[in-house]
Amino acid sequence: MPRKKGAAWEEPSSGNGTARAGPRRRGGPAGRKRERPERCSSSSGGGSSGDEDGPELDGAPGGGKRTARPATAGKAAGAAAIITEPEHTKERVKLEGSKCKGQLLIFGATNWDLIGRKEVPKQQAAYRNLGQNLWGPHRYGCLSGVRVRTVVSGSCAAHSLLITTEGKLWSWGRNEKGQLGHGDTKRVEAPRLIEALSHEAIVLAACGRNHTLALTDTGSVFAFGENKMGQLGLGNQTDAVPSPAQIMYNGQPITKMACGAEFSMLMDCKGNLYSFGCPEYGQLGHNSDGKFIARAQRIEYDCELVPRRVAIFIEKTKDGQILPVPNVVVRDVACGANHTLVLDSQKRVFSWGFGGYGRLGHAEQKDEMVPRLVKLFDFPGRGATQIYAGYTCSFAVSEVGGLFFWGATNTSRESTMYPKAVQDLCGWRIRSLACGKSSIIVAADESTISWGPSPTFGELGYGDHKPKSSTAAQEVKTLDGIFSEQVAMGYSHSLVIARDESEAEKEKLQRLPEYTPRTL
């Protein structure tokens, strides 16, 4: 087996990422816990301090930071321009889901209300002792006979989704904001069909911290969960939307999507990119962080409540000149907690949003308000074919198969300020990669590989009575002989689709322990 040696790591935060405090208008006051203190010493490039606005561009939508505006109670649904395409020019699409087929395996933390927190909130106290840390792969007893083609979670998420081979969407996990789509806010211990979407053929889904998007085979998007920052794209701001609702968008069919902590990105069939939700670090790509001074000197954020097109892509020359990059056709999009990555038709990578720890790959820690070209992938033969975003880091797979990493997974260690090859995985053909808060899991060739710093909660899958963490990439021995079609990772749990086509594969899966969670 080729060398597999480590990467950098991050200590877990006591709260669930960048927890937001209290109800607010539009985007709310800046009195909440922020990512801003993340600015750190780094291996190259300089850190930025204070609030950087990113490039000032002539004719840029939004025009940077706003200094004052009336403290109104948020945009009315009709005030924002809804993307609309005439019916006669709309593409007719029939999207297909993943070709993967297999059984779902889970490992990691399953006490959903405790994930990323010091203790279970009082309102969830009844669930305090439900769930456990699964140190090795388990099968869900309730999914016997259910074949899965896609699993979904997110680096900020304590909930998960699966799409069956029939195109049905199931969900389970934390549900305080209705992000499971079952019409209530009750926690769900094991995968359960979302009845409200049972008549739809779902091909793709995405998880934010407390919200969810689901894409149908006709290119329509349904959203549910928290909507305080407008991240559901429904034209309003509400605490919770527990049942699936179609977003306010009537443009070309959507083909891809991704969720950050409190924002969402969509890509249409023509390669246009749209964003909505929290604009705080510029992650929406509209040349603004949406900040304005409300009454009593409160800082609030002008959230995007419906999808808005990302219109400007730029590159910066060595002498600091800003040049527009024309004719960008988006092919893929990925979101971290507060940053966004895009892959275009020319295999170029753009990144923007929060710049802490070098997660944008521009050799500086400055926030970027519009998509900025990552230079490394803009050379012949050096283009990217896959992109992945972690909580505070980014990955890309080059067209020759090399894995590149930038940012940090352990924020107490040195950051990687620009894309560097991950030597540990040199020579491996990477099929699927996923990031949690600070752990990584990879499906490559016939193996599943994971690594992550202490503390971990079983998401690395090394098994009972084994080391629980590793700063070096290691094969997951508990999955020896099991082919991982796809991997996904939540804040501190992992999901795997294990191929079950041959009798030998089925037999190996049957030997894995079955997990039947306790319920109230």
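Using N, Cα and C of the backbone, Cβ positions are placed for all residues, glycine too.
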Per Swiss-Prot, the candidate from LYS122, LYS228, LYS316 carrying the annotation N6-acetyllysine: LYS122
DSSP-derived structure type at LYS90 (N6-acetyllysine), helix or strand or else coil: coil
Residue distribution over DSSP helix, strand and coil in the repeat 'RCC1 6' (401-445): 3 helix, 23 strand, 19 coil
Of the modified residues listed as LYS90, LYS122, LYS375, the one whose CA lies nearest the CA of LYS291 (N6-acetyllysine): LYS375
Reduced DSSP assignment, LYS291 (N6-acetyllysine): strand
Most crowded position, judged by CB atoms within 10 A, among LYS90, LYS291 as modified residues: LYS291
